[in-house]
Amino acid sequence: MRVQTSTNVTDTSWITGCDYLLQLKRIVATTERTIIVWDYKAQGSSQDNYFVIKPMDHCLLCVCVVPLPDHLCRDDILLGDDGGFVNRFTVNSDDFGIKQAKSKRKLQNQVLDSKNFKSVKRKLHNDWVMKIRYISALNCFGSCSLDSNHSLVLESLKRLEDNLPVREFSMPRGANTFCYCVKANVIVTGGDDKVIRLWHPNISTKPVGKLVGHMFSITEIVTNEKDQHVVSLSSAKVFRVWDIQTLSLLQVFHDSQGGPGDMQIYSMIYDANHGMLITGSSVMDMYPLTRMIQDTKQVPHTHEREINVMLYNKYFHQVLTICSESIIRVWELETGLEVYQILEPHGFNTEVTSAAVDESGFLFATGAYNGTVRIWDFGSGQEMKVLPEGKDWKEDEHCLRRLIFLKAQEKHQQLVLALERNGTIKMIQGKEDDIYLMVIWELPDVVPFLQDGKHAVHLRMSTRDRNMAIPFPDVELIVERNFSQPTDNPTMDLLRVNCIDLLQVEGYNLIAAGTLNGVIILWNFVTSTVKKVYRPEDCFTVNPDLHPKHFKINDILFLFRTPECARRSSQDSICSSSQCESSKGPQSSKGSKQSIHDSEVKGEQTDVMVGKQQPMDKKHPGIANLPEAQPPILVTAHEDGHLRLWTLEGRLLKDMLPFTKHSAISLTSLYTDSCTRILLAGNVEGHVILCNISSFLDPPHDEKKFKQLLSWRAHSLEIIQVIYVEEKQVVLTASIDGSVRLWHALNGHYCGYFGQRRLFELSQTRDFILPCDVTEYPIEIKEESKFTEKQKYEYPLIFDREKWRKMSSMSLLFKRTPPKAFEVEQDFKFFKSLSSPKIRRYPLEGFVTENREAGIVFGSLPIYSISSPTSLRFLPLIGIEAQKDSSDGFTGKKKGGHVQREKAPRRSLKKNLVPQINLASSFFPAIPKMRGRNHQTLSVISGVRPSY
């Protein structure tokens, strides 16, 4: 690690190392026999402001500074030499006359005698000391050597002053480099034996882990603390990225510029602040990081086949997924680890098409393509009950599309509501002492009776005796005797039920069904009626050229706020109104994102207040009379991409086309939280739409209260299910691409996917991450500011000639005689250039661009990009002003904070080598975070600080 440079004291010297003196604000560098202290901030030529300390007993090979925050104007320097000695050198501000720096006299180069400085040394190795570092977390220093017996020494500074035994780590052929990882608490070493070893600082007998893979000697090792990665470099310029926790190889890349001997890399550091891997050879290379969460370069896969079902168990905090290959997998939400899996749960080559979790979370049911239903224990995955296949069933006639657990009125009873592909809705019952399930109830086919303009059919409740109570009675349709059921009617198939939802609360016992042609059918078991709530012909002028399936309902959902949630929402609104009464300024454009979180936090606080006491508020006397729960609302997701909300009477409250990059995309899935404050929707192109409906459910149902907050691309293919997890503020998405992914609900940032090897990090991070198959940024729907809404500008401006004749311009006011007509006309030019003011309603937003062309690596892994335009290169030369030439025929010039590139004649470039790079927070602030490939010479020792 040497760089040839001129010091003007000796003819030629080789820089072997450098570091930054934190207290003296100087740079210290070592040559073979001298120590150089450079005042890089001094005015004038940088060659005239340094001190040389000499002579030294041995050839100095490495240097580091010991941070001493308690000692002002003093720094301790640790030096390693070719004799195996570790030297501690103390320098003070008085030694260099820093107190006299305010004098106007020009500083001269000075040579200082090393004997006048306080120093101690001790022989710790029998070979060259290759690297020395001070580890503040362990309060000790470390030095490594090519000595096989004393390869690494880890001790406190006091051991340099005595001859007591020291902690020694031995390894074959010694160690060329080492580093310390604070989070993992391991020392990482590498040397000529090509093996990376991980050591516990207090266990020197045996390493805790080994990483094998390099084919050449390991020359440098650095750590990425944030991601728990180790980056190692071999003499062949091959970089390897390792995971410290799993001891696995994550990435391999190499520097292909020049031959192995032409541009040997001598030093390497990792800049955590800017996410840069920096190497030094005859040039400085900066490898920016691209953050992606992937295991391989392929699209993330939770299952090998497309996902059919995704469920969330809020009591177990686990996610259940089922693919078309009929593999059930259960995952931990917080970590993403797989708990267990069930292969072929319904038999060989039988596809599972639906599933449901009961209210307690202890059971889940699965429905298959052949109509069979099974109930399982969620904790263990053991099968408990089964509904066998009927003998006379056709192959796909009884395929189950939806399962819903019902509230059983007796203990040890399971009731499941099932929807078949043919539109049949039936109830399946399970008893405690019977392993077989049975169909005990089935809704009659009401579709033929709702034809020909008939909107409602009355129901007759059956009085048949049953051994067990069920939530729905047996019903029969009350129809006219002379009614003849139509046969072979093509519109009958279009009225087939495609989706259902259930509402079982006090005062309501409803089943809503959506059909293939957009008709909503509502079964009301309280009023004993079934009616056609909505059909497209009743609300829209239907284009006859459109196919009836254009209005197909893909999902239907009840929006109902329980009295508990209604009370909480009411107190939230009162609290917010009292807090915001004094500040009625413009709304923040980001207020919508925080409204989800704020409402939940406020709800938790109000629960505590109500549990203790409900004081009477004098300012708001209505707080004691809380509103009752409002009637439920139906929301439907349509094939034409519209989101429509209805009353139970069929009145359209809101018809919305969600805003995404491409409009009119078919919606596939709906989901709402427990208190019906947000609404999630997914579409066939992989978008997730997040809406705020908290205030919309409160009467009157104003359309403006329904607000879309966010939209982001979660998958490249169709989403089959979206789920919002309230306690974690995350969104789960499942797609036919075979992956189940996790997203932050407040901003649409990517967390990861189930099946990746790295554990999830659900905490909010600054890094914006996207999966490899998604390139679109989340779209935040901005709210109109109250201030900007009041300002209305009419343009172009219209000149009112009559008003102008009654006025006179300022230029004519001082004239005694009245202005003539032509004089007024000349002033019309004043208006020709006048236009309405252009005001930006929202501040300009900036995004940190990342390089995603480098590839994909596992788990939050930063990709070190080397063959992309973001690779930044500097050509350093010590003690010489910045030159205007480069190896690729471009020159770098600083103008306006940016580096401009201009053509220059190609020259043969033989620059001096860079021995060591060191970043210090107080020394490196001037280095800009640059984008683009720029070659530029720097006037800085060892290429540390650029000089523009």
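Cβ coordinates are placed from backbone N, Cα and C, and glycine is handled just like the others.
Nobody curates TrEMBL annotations by hand; they come from automatic prediction.
TrEMBL has this to say about the protein:
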type	residues	note
COMPBIAS	575-594	compositional bias 'Low complexity'
COMPBIAS	595-605	compositional bias 'Basic and acidic residues'
REGION	575-606	region 'Disordered'
REGION	886-908	region 'Disordered'
REPEAT	211-252	repeat 'WD'
REPEAT	345-386	repeat 'WD'
REPEAT	712-743	repeat 'WD'
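The average pLDDT computed over the repeat 'WD' (345-386) stands at 94. Residues in the repeat 'WD' (345-386) partition by DSSP class (helix H, G, I; strand E, B; coil) as 0 helix, 21 strand, 21 coil. Here the repeat 'WD' (211-252) is broken down by DSSP into helix, strand and coil counts: 0 helix, 26 strand, 16 coil.
Assigned with DSSP, the residues of the repeat 'WD' (712-743) fall into helix, strand and coil as follows: 0 helix, 19 strand, 13 coil.
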